[in-house]
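As written in TrEMBL, here are the features:
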- Gly16, Ser17, Gly18, Lys19, Gly20, Thr21, Arg127, Val136, Tyr137: GTP binding site (BINDING)
- 36-65: region 'NMPbind' (REGION)
- Ser37, Arg42, Gln63, Leu64, Val65, Gly90, Phe91, Pro92, Arg93, Gln97, Arg160, Arg171: AMP binding site (BINDING)
- 126-163: region 'LID' (REGION)
- 127-162: domain 'Adenylate kinase active site lid' (DOMAIN)
- 142-167: region 'Disordered' (REGION)
- 158-167: compositional bias 'Basic and acidic residues' (COMPBIAS)
Amino acid sequence: MVLQSVFRAVIMGAPGSGKGTVSTRIVQGFGLKHLSSGDMLRTNIEDKTDLGLLMKSCIDQGQLVPDDIISRLIMSSLRDLEHTNWLLDGFPRTVAQAEALDSVYDVDTVINLDVPFQTIRERLTSRWVHFPSGRVYNTDFNPPKKPGFDDVTGEPLGQRDDDSPETVCRRLKDYERRTQPVLEYYRKIPGQQQAMGKA
């Protein structure tokens, strides 16, 4: 596949559908810059910025971060990548966010990871993370070599607050209500329907 001079893609899927894993493979295969809204959120939360504290409160309650806040965060990062091929992971999550993105950039393709919610529930409650690096493990299909410890550093793993069963259910319901319409939004854009993918 030959990339255009500037290629811009979005990968979508419910929390825990595997966007990070699939994005890594796409980025390696096609030389795109990977931009994860989740990584940006976590960086702000870890740095305890005002924005980060506000976002943490939303995430801990299983809610999506308000459109205007996340849109400002993403657009700020994209401004530094004007002539770069990129893959957006985790954004847009609402029609308002998609409209904000499309008002500035043309998205060439949208990839949708269509994973049953029951599978996601099982994945997330089995997910363990090395917080300093962001490396993710799953006790069912991608376990660490030594249970409870990172393969690279040997440091202890932990679970995200938003991976509790109750929070997972709230996040999936919120995704279905707010993000599924984004897929319909992109299907209606001329030329975009053919580019939609499912995995």
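Using N, Cα and C of the backbone, Cβ positions are placed for all residues, glycine too.
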- Task: Tell me the Cβ contacts of Gly18 (GTP binding site) under 8 Å, same chain only and six or more apart in sequence, or just say none.
- Result: Leu113, Val115, Arg123
- Measure from the CA atom of Arg160 (AMP binding site) to the CA atom of Arg127 (GTP binding site) and give the result in Å, rounded to a whole number. 8
- Query: What is the separation, in Å, between the Cα atoms of Gln63 (AMP binding site) and Gly16 (GTP binding site)?
  - Reply: 15
- Cβ neighbours within the same chain of Val65 (AMP binding site) - under 8 Å, at least six residues apart: Leu41, Leu54, Met55, Cys58, Ile59
- Query: With every protein chain in view, how many other Cβ atoms are within 10 Å of the Cβ of Arg160 (AMP binding site)?
  - Reply: 17
- Least crowded of the binding-site residues Phe91, Tyr137, counting other Cβ atoms within 10 Å of each Cβ, is Tyr137
